[in-house]
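Below: one structure, written as structure tokens.
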Amino acid sequence: MLKGIGKSLFNCDICEKSFSLKHSLSIHKCIHTGEKRYQCDICSQSFMQSGNLIIHKRIHTGETPYQCDICGKSFSHNGSLVAHKYTHTGEKPYRCDICGKSFSYNTSLITHKHVHTGEKPYKCDICSKSFSQNSSVIIHKRIHTGEKPYRCDVCNKAFTRNDYLIKHKSIHTRETPYNCNICDKSFLDRGSLTVHKRIHAGERPHRCDICGKSFSRNSNLITHMRIHTGEKPYRCDICGKSFPHRISLTVHIRNHKEEKPYRCEICGKSFALNYHLTYHKRIHTGEKPYRCDICGRSFTGSSDLNKHKRIHTGERPYRCDICGKSYSQVSTLTNHKQIHTGRKPCQCDISNKEFSENDHSIKRKCIHTREKSYRCDICGKSFPQNGNLIAHKRVHTGEKPYRCNICGQSFTQTGNLITHQLVHTGETPFQCDICHKAFSRKFFLIKHKISHVRQTLYHCNICSKLFPDGESLTAHKQVHTGEKTSQCNICDQ
């Protein structure tokens, strides 16, 4: 015990932090020992302090005893109410002395400072991953345990985090009270609005310290870092395949189940994710909300804009670790690496034919099985997928729902519209991995690659025909010379 000015201090013998109460020191020491003596009798989660257990149990009971006297919103503990009230007053009394950013309460400032120090004191005891705050470890562990304590009282869907539940509930209520004063887009919470405004401001405060790339959201930086680390924490329990982020796993699982709950009411096409449907609808509406600040071109999605900007910057962030060649898109790098490995990662288990991972042919096993369960009621033709049938019916109806917003030309399929629009934009997304020449269509790239192959072929100097080897060329030349070097050993012809 240390003697202070007018009071006694109790000093931690591990980290030398001091406390005015012996009880506070005992609670603090649990951080070092990892002891969690208070256990929830509903879900078995443990806590260092009895107060934390009481607050936790309100997740199960739904109790929210702390009510805001301004808007009537209720909270499970007083700290959340205090923080919430700052949204009304705008007060942020806790300021970071390094970057000047201000926060509504002290715990947020402490957590924020870990960004500057790089400190991650909280470690997962299952996979050893480290985090800057204890709450992040608790949420992370639910990946391992499968625990989803936050349940929607409307549709019964469960979530690992309360903020996921709140966002989900907006599907039922359609409530989006936070409006952007620049583009009139609405958001469920103030944080989402703040992040959205960075699109207009061009602000990207979260920077990768490996490659220097910057992001508007910290979550996007975390996902990006997995490119460098190779980390894939989300594993499919059906086939064992792992993914770098949760949304990829969600889409993958829906492919197993053939589940596509989001349907376009214009053309009938269905999608595994609501985001994909939103993106798709812009093809019909012609909306392109993402604009290049260098050349003024607009794009349907933010990822399209990011890819386009690399034309201006010359950035090639995806580098082959075998030969050092760099590419502007990760898909181009993936295809390039197959030159070194000779491997095509997807194989049809019926014909044993191999395909690259992004080749849609692997999905069409119906070619072998002849299973075509979707039948056209006009001409009787059958198709393996409902999407194929919908596209086919446009032959009969003459419907062309995909319209170019530049010249007005319409198309029966979205792929044809996307290819057509390259005529207007001059974009050349298909790049040769040998000489880096780029083309607007994959077909043109394939034709171009033959020019490289031709250099290794055997060329007839009479008719210019090409052959894979010298023996075939020699045999061919006999057509021109009339020479007959091979004789039948039965009839001497």
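Even glycines carry a Cβ here, placed using N, Cα and C.
Caution: TrEMBL annotation is automatic and unverified by curators.
Per-residue pLDDT, averaged along the domain 'C2H2-type' (38-65), amounts to 83 for this model. Sequence annotations record features per position, and here TrEMBL assigns domain 'C2H2-type' to 38-65 (among others).
Sequence-distant contacts of the domain 'C2H2-type' (66-93) (same chain, six or more residues past either end, CB-CB distance under 8 Å): 55, 58-59, 102-105, 107-108, 190. Among the features that TrEMBL reports, domain 'C2H2-type' is placed at 66-93 (among others).
Each residue of the domain 'C2H2-type' (94-121) gets a DSSP state, and the totals for helix, strand and coil are 12 helix, 4 strand, 12 coil. As annotated by TrEMBL, domain 'C2H2-type' applies to 94-121 (among others).
Among residues of the same chain six or more beyond the domain 'C2H2-type' (122-149), those with a C-beta under 8 A of the stretch's C-beta atoms are 43, 45, 59-60, 111, 114-115, 158-161, 233-234. Taken from TrEMBL, the feature domain 'C2H2-type' applies to 122-149 (among others).
Away from its own ends, the domain 'C2H2-type' (206-233) comes close to residues 127, 129, 143, 195, 198-199, 242-245, 317-318, 330 of its chain (Cβ-Cβ under 8 Å, at least six residues beyond either end). Summarising the annotation, TrEMBL assigns domain 'C2H2-type' to 206-233 (among others).
Annotation source TrEMBL lists domain 'C2H2-type' at 234-261 (among others). For the domain 'C2H2-type' (234-261), same-chain residues at least 6 beyond its ends with a Cβ under 8 Å from one of its own Cβ atoms are 143, 223, 226-227, 270-273.
Feature annotation from TrEMBL assigns domain 'C2H2-type' to 262-289 (among others). Counting same-chain residues at least six beyond the ends of the domain 'C2H2-type' (262-289), those with a Cβ under 8 angstroms from any Cβ of the stretch are 183, 247, 250-251, 254-255, 298-301, 386-387, 390, 401-403, 405, 414, 417-418.
According to TrEMBL, the domain 'C2H2-type' annotation covers 290-317 (among others). Counting residues 6+ beyond its ends, the domain 'C2H2-type' (290-317) has Cβ neighbours under 8 Å at 199, 202, 211, 213, 279, 282-283, 326-329, 425, 427, 429 in the same chain.
Residues annotated as domain 'C2H2-type' in TrEMBL: 318-345 (among others). Residue counts for the domain 'C2H2-type' (318-345) by DSSP state, with H, G and I taken as helix and E and B as strand, are 12 helix, 4 strand, 12 coil.
Positions annotated as domain 'C2H2-type' by TrEMBL: 374-401 (among others).
Taken from TrEMBL, the feature domain 'C2H2-type' applies to 402-429 (among others). Tertiary proximity for the domain 'C2H2-type' (402-429) is limited to same-chain residues at least six positions away from its ends with a CB under 8 Å from its CB atoms, namely 267, 269, 280, 283-284, 286, 288, 297, 307-308, 311, 329, 391, 394-395, 438-441.
The domain 'C2H2-type' annotation in TrEMBL covers 458-485 (among others).
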